[in-house]
Amino acid sequence: NSSDLSPSFFVLASIPGLEAAHFWMAILLCSMYILAVMGNCAVLFIVKTEPSLHAPMYFFLCMLAAIDLALSTSPVPRVLSFYWFDTREISFGACLVQMFFIHTLSAIESTVLLAMAVDRYVAICHPLRHAAILTNAATAKIGLVAMARGVIFFLPLPLLLLPLPFCSSRVLSHSFCLHQDVMNLACANTTPSVVYGLTAILLVMGLDAILICFSYILILKAVLRLASWKERLKVFSTCIAHVCVVLAFYVPLIGLSVVHRFGKDLAPLVHIIMGNIYILAPALLNPIIYGVRTKQIQRRILNLI
């Protein structure tokens, strides 16, 4: 029952009894990661080379693609190394850095999704003022604010874990490092870390989710004032892609939080699957959603093929 004030490593989680299947799990994970990288790189390339897509909505989409690339790349190569080469140990410093990038990039993505909701609100409810409000300069400033917001709120998370002692058991619940997972292994009072982590999530992801819902309430009110159902469906169809992207981000996030909070007795497989869905689902689904819903992107993809 010894503890160490400066732990040298943590042990990534494996699925008891399924060690022999790690190779095939890695093949599946690697395939999903490659598809996510190709899809998001295609979005970045198409928006960059297509002048008709040089608008705030597509600049936000580029930000989303870049964030998804970074968010999936932070843990996936290390996870593949674990599955293929059985390198289960991750150093304490690398774990904290990985944790910082995962949580910070998630916060940045949440802010960008809120900005995209505001873009849809202005485009539908105040179309004549859209070009004046959401200029290219304003879009760039929103991107910088999103980055600063993520770093400011989530940089303290690893710093709060640095002075904590850790027990002899250092086996994580996932194949990568998350704040709550690492914090649960500490042999000390973690109340400050718990309180700050919950506060940061509520003030960033929680507040963003509320404001996104409020934006769509205003959008629905504006849409319902239109004369015909055909016009209503046509206008609201411009929001369907964004709604799907919001669900692709928030549903895995909420599911992972529920598993951490109430799923302590669940099988390790559930924790690992939920974690992998959280880091890969948005990056994999977002290019597909916008590729299907955006005709300009469809045409460019077909031309490339």
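Cβ atoms are placed via backbone N, Cα and C, with glycine included.
Whatever TrEMBL says is automated annotation, not expert-curated.
So that you can see what the record holds, here are the features copied from TrEMBL:
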type: TRANSMEM; residues: 20-46; note: transmembrane segment
type: DOMAIN; residues: 39-290; note: domain 'G-protein coupled receptors family 1 profile'
type: TRANSMEM; residues: 58-76; note: transmembrane segment
type: TRANSMEM; residues: 96-118; note: transmembrane segment
type: TRANSMEM; residues: 130-155; note: transmembrane segment
type: TRANSMEM; residues: 194-219; note: transmembrane segment
type: TRANSMEM; residues: 240-263; note: transmembrane segment
type: TRANSMEM; residues: 269-292; note: transmembrane segment
_For the transmembrane segment (58-76), I need the partner stretch with the highest count of C-beta pairs below 8 angstroms, choosing only from 130-155, 194-219, 240-263, 269-292._
269-292
*What residues in the same chain, six or more past the boundaries of the transmembrane segment (20-46), come closer than 8 Å to it by Cβ-Cβ distance?*
14, 53, 61-62, 65-66, 68-69, 72-73, 76, 79-80, 82-84, 86, 276, 280, 283-284, 286-288, 290-291, 296-297, 300-301, 304
*Residues of the same chain, at least six outside the transmembrane segment (96-118), with any C-beta under 8 angstroms of its C-beta?*
57, 60-61, 63-64, 67-68, 70-71, 74-75, 78, 90, 142-143, 145-147, 149-151, 153-155, 157-158, 161-162, 176-179, 182, 200, 204-205, 208-209, 211-212, 215-216, 242, 245-246, 249, 253, 279, 282
*Looking only at the domain 'G-protein coupled receptors family 1 profile' (39-290), what is the mean pLDDT?*
90
